[in-house]
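Some notes on the structure that comes next.
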Amino acid sequence: MPDSKKFFENLSGAGKSIGVLTSGGDAQGMNAAVRAVVRMGIYVGAKVYFIHEGYQGMVDGGDNIKEATWESVSSMLQLGGTVIGSARCKEFRTHDGRLRAALNLVQLGITNLCVIGGDGSLTGANLFREEWSGLLEELVQSGQIDEQAVETHSVLHIVGMVGSIDNDFCGTDMTIGTDSALHRIIEVVDAIMTTAQSQVQTSFVLYLALVSALACGADWVLIPEMPPEDGWEEQMCQKLSENRADKKRLNIIIVAEGALDSHNRSITTDYVKDLVVRCLGFDTRVTILGHVQRGGTPSAFDRILASRMGVEAVLALLEASPDTPACVVSLRGNQAIRLPLMECVQMTQEVQKAMDEKNFEEAVKLRGRSFENNLNTYKLLSYRKPDSEVPKSPYNVAVLNVGAPAAGMNAAVRSAVRVGITEGHTMFAVHDGFEGFSKGQITEIKWGDVGGWTGQGGSLLGTKRTLPAKHLNKIAEQIRIHNIGALLVIGGFEAYLGLLELLAARSKHPELCVPMVMVPSTVSNNIPGSDLSIGADTALNAITNTCDRIKQSASGTKRRVFIIETMGGYCGYLATVGALAAGADAAYIYEEPFSIRDLQTNVEHLTEKMKTSIQRGLVLRNENSNENFTTDFIYQLYTEEGKGVFDCRKNVLGHMQQGGAPSPFDRNFGTKIAAKAMQWISKKLKEFYIEGRVFANTEDSACLLGMRRRALVFQPVTQLKEETDFEHRIPKEQWWLKLRPLMKILAKYKTSYDVSDSGQLEHVQEFMCVNSC
Ligand code: FDP
C-alpha cells in the first residue's frame, strides 16, 4: 500500500448514527444511493436509520425512523422510485416542525444526515443544520432533553446527493435519475418511430429536452434556454416539407416543458401540432411523456452513480469536523467529489434567475460547457445548410468501422458524415473495415443516407477485424483512386492497431500521409487513451438487465448461486462495473489475479450469506479472467463446495452484449465525439494542404480522440504505445479498477478502499470551469 494514499479503514463510524432520507420528486437510482449509505455506514461500524417519507417522517418520528440492517436493503438496487418514501412536508418549513424533527433525531443519537433530493430539499437540510444548536437549546429549555444531550449532539453534519431527473443542479455532471429518464424517453421515441415508419407523414410532438433530441436525431427542438427567433414557425414547416421531399415519413419535434418564444409566449405542444396541421396538413400526434420519465428500473449508469455517491457521502460524514460546511457529493468525469452545498445551490439559483430574467445566453453559460456543447452539436446535425451556403472543400474524407460491432457506431458515423458535409467535404463510406477498403468497397455517402442511424445498433457500414498490414498496397491504391484526404476510423482495438500499422507504413506508401483519427468503439472498453468507448454503456445495460432477470428467476427457488460470464477480452470493465450495477457478490477479472484460495473464500462467503434472508448469489466472470479457472471450472467448484447449502447455474451472456438499440449515453457520446473528430480533420486538412495536395507526415497527424475525465483529448497513437499492454489488448492503467473495492464492500467483503481520489472539498467555480464534453 503506498503511504501517500489514505485508506478509509482509519475512519471509523463506531458510535455514530446516520439518518438517510429521500425528499422531493422521486428519481430512479435513489434506492441505490440509500442502499450504499446503509451498507457503507454499517461497514464502517455506524448505525444507519431509514427516515421514511422524507422530512415528514423526520418531523413525525415514531415508526418513520427505523434502524436499517444489511439485509433490509437487499434487492433494492433495481427498483425505480424510492422504497423509503418521499413526501412533501409543509411542517418542516416551519420552526416548530424543525424543532420536532431535531428532538426525534437527538433521541436516537442521529447527528449525521444523508439527504437525497433536489436543490429545495438540500437547502432545507442546510437551514436545519444552521439552526441545530439553537433548536437543541430550545429543547433543553422546554425540558425535552438535558444539557448532556446538547453536548453529545452539538453538531449536525449534512451531506447531500442530488436526485433529480432534470439534471439541472450546478456542480455535478449528472444527477441521480437523469440517465434513466433518458432511457425511458428514448424507448418511447424508438417505439413511436417504428409505428410511424409505415404511416405517411406523421409528426410527433413530445415534451422532452435537448439531450433526448440529440439522442434520437429529432427534427426540431424547442427548449426554454433557446427561444426560437421570429419566423421559426415558417422555418420549421420548411424543414418538415423538405423532409417530405426527401421521402422522410416521420418527423419528431421535441417540446420541453416551459418552452418559450422570443416574446416570452409559451410554446405548447398543441400550438405546434395545430401549426403543422394547418400549414402542412400532416397527420400529427402529440405524446406527453409526463411521469413515464420517472418510472422503470434505474439504468446501469444511475445505479453506479448512486452507489458511488452513497459511499462517498458516508466518507464525507466520517471526515466532517464541526467547521466543515454541508457538502454535496457530485460527479466530475469519472470521479466522485465533494462541493460545498450552498455554493452549488446558489449557482443553481443563478441559472434559474437568468432564466426568469430571460437572459438565456447567461443561463446557458452558467449551465456549463456540457450543455452548450450539446446545444451546438444538435444545431450542427439537425439542420442541413443549403448547398449555396456551404463552400465546397477540395477534400474527400473516408469513414469506416473496424473491429466487432458496438452500439453507437452508427450514431458516430451519422454525426461524422453530417459534420463533414457541413464543412464542405465529400464524404465516403468504406464498407467492411480495412478489408472492404482494400477491395474498393467505397461509396459516397450523403446527408439523407444516414437519417435515422442514431438509434440503430450494430454497424450499418459493416465492420471487420482485418488489419490493414497485409493489404497496404491495395489500401494505398484506393486512397489514390478516391483521392481520399483524411480517414476517420470508428472501432475497437483493431482500429487502434490498424492506425499504428498505417502510420508505420507511411514511408513506403506516401498515400497514407493523410490525417487519420480514430474514435474508440467497442463493448470491451479496452482502448488506451480513453476512459470510455462507444458501446460499453449499452453492453453494461444489457448485462445489468439480464442479471436482474436472472436474479428474479431465483425467487421462490431456495439458495441459488449464478455464475455469469461477460465479454471484454482481457478487460474486466464489463464484469466489474456490471457487478456493481447488478449488486453481485464477486467479479473475477484478469487484472486482479485470483487463486483457488480466493475462490474458496467466495464460496465460504456465499455459504454464510445463505444463512441470512438473502438466499441468492451472483458471481460475474470475465471471459478471459483466467485460462484455467474457466466458467465451467468455477461452476463445478461452486456446485461441489456448495453441496447441501446452495445449488448453481451458469449463464454465458455472449453476443447479446454487443446487440440491441444503443443506450442514450452511447448515442450522445458517439455523436459528440465523432463531430469533434471531424472538426479536427477539417483543421488538419487545411494545415497539411500543401501545393495542391494533402501531405501529413507528423506523429500528431494520426491521433486517437479519447475521453479523459471530462475532456475529449486528441492523442497521437504512437504516444499511446507506452500505455498499452499489447499482449492482452488493454491499457496498462485503468481508472475503473478503483471501483472494485466499492463493489466488494457493498457485497460485504472486508477490503480497503483508497480514498485518495475522493474527499477533496472543491469549489463549484473550479468544477464549472473544467472543460467538459
Ligand atoms: P473487442 O474485440 O471489441 O475488444 O476481443 C474481445 C471482444 O471485443 C469481446 O468483448 C468479445 O469476446 C469478442 O471480442 C467478440 O468478438 P466477435 O463478435 O468477433 O466474436
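Cβ coordinates are placed from backbone N, Cα and C, and glycine is handled just like the others.
Note that the coordinates shown come from a computational prediction; the quantities given were computed from them, not determined experimentally.
Among Gly13, Gly15, Gly19, Gly25, the residue that TrEMBL places alongside Arg88, Cys89, Gly118, Asp119, Gly120, Ser121 at the ATP binding site is Gly25.
For the substrate site, TrEMBL gives Ser164, Ile165, Asp166, Arg285, His291, Val292, Gln293, Arg294; the one candidate out of Glu131, Glu137, Glu138, Glu257 that the record lists there too is Glu257. In the three-state DSSP reading, Arg285 (substrate binding site) counts as strand.
Among the binding-site residues Gly25, Cys89, Ser164, Arg285, no residue has its Cβ under 6 Å from any atom of ligand 1.
Farthest C-alpha pair in the ATP-binding residues Gly25, Arg88, Cys89, Gly118, Asp119, Gly120, Ser121: 15 Å apart. Per-residue confidence over the domain 'Phosphofructokinase' (396-681) averages 96 (mean pLDDT, predicted model). Taking the Cα of Arg88 (ATP binding site) as the reference point, the closest of the binding-site residues Ser164, Ser524, Arg560, His655, Gln658 is Ser164. Counting other Cβ atoms within 10 Å of each Cβ, the lowest count among the binding-site residues Arg88, Arg560 belongs to Arg88. Closest in space to Gly25 (ATP binding site), of the binding-site residues given as Arg285, Arg465, His655, Gln658, is Arg285, taking the CA atom of each residue.
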